[in-house]
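Per TrEMBL, the features are:
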type: BINDING; residues: 7, 8, 9, 10, 11, 12, 68, 146, 147, 148, 149, 169, 174, 175; note: substrate binding site
type: BINDING; residues: 38, 67; note: Mg(2+) binding site
type: ACT_SITE; residues: 67; note: active site, proton acceptor
């Protein structure tokens with residue numbers, strides 16, 4: 001079964017394809033969808049729904065979208081839905097630098113990576129969520145991953161997401177947890 005993943009980010013498509021080997025995952029680029037979808041929601045779920053609904057209505061194809069980010073307790077939940085553009089530039093390193101600057105001297109390092117997936121399949125909407133609790137490190141460590149991975153260490157692990165092999169991260173990440181829930185549901189359609 002073919003599923004459209006509402007992203008132009010080929011890295012995310014490849015990551016998800018490995019988690020859903022029984023399905024053909026295609027990107028918005030693959031289907032020639034280039035319309036701009038404004039994420040006006042106030043939550044991860046609202047933004048994921050806006051994207052999936054718009055693409056489903058425009059194409060009629062089975063589609064899922066995700067919205068994800070990091071929430072940091074000491075920053076009142078920020079960056080939250082603004083994680084990708086927290087520093088205003090959309091640059092991952094700038095975002096990390098802003099978090100580290102805002103967390104300077106802060107003893108409460110609690111954080112969570114959140115991923116919400118909205119699936120539209122045969123006209124029906126379903127929501128799936130994955131949350132990984134952990135902490136914000138004091139400095140960048142590790143070479144793997146992307147986004148905030150170099151400063152996020154999940155609870156119960158000695159390595160942060162950027163230090164873990166991708167195969168290990170893909171088993172425990174917020175996206176992996178949400179995709180696992182999605183996969184359980186999708187197996188009904190095979």
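Backbone N, Cα and C atoms are what each Cβ position is placed from, and that goes for glycine too.
Automated prediction, rather than curation, is the source of TrEMBL annotations.
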Lowest local Cβ density among 7, 9, 68, which the record lists as binding-site residues, within 10 Å: 9
Length of the line joining the Cα atoms of residue 7 (substrate binding site) and residue 67 (Mg(2+) binding site), in Å: 10
For residue 38 (Mg(2+) binding site), the three-state class that DSSP assigns: coil
Winner by Cβ contact number (other Cβ atoms within 10 Å) across the binding-site residues 11, 174: 174
Surrounding CB atoms that lie within 10 Å of the CB of residue 38 (Mg(2+) binding site), all protein chains: 9
Taking residues 7, 8, 9, 10, 11, 12, 68, 146, 147, 148, 149, 169, 174, 175, which bind substrate in the record, the widest Cα spacing (Å, whole number): 22
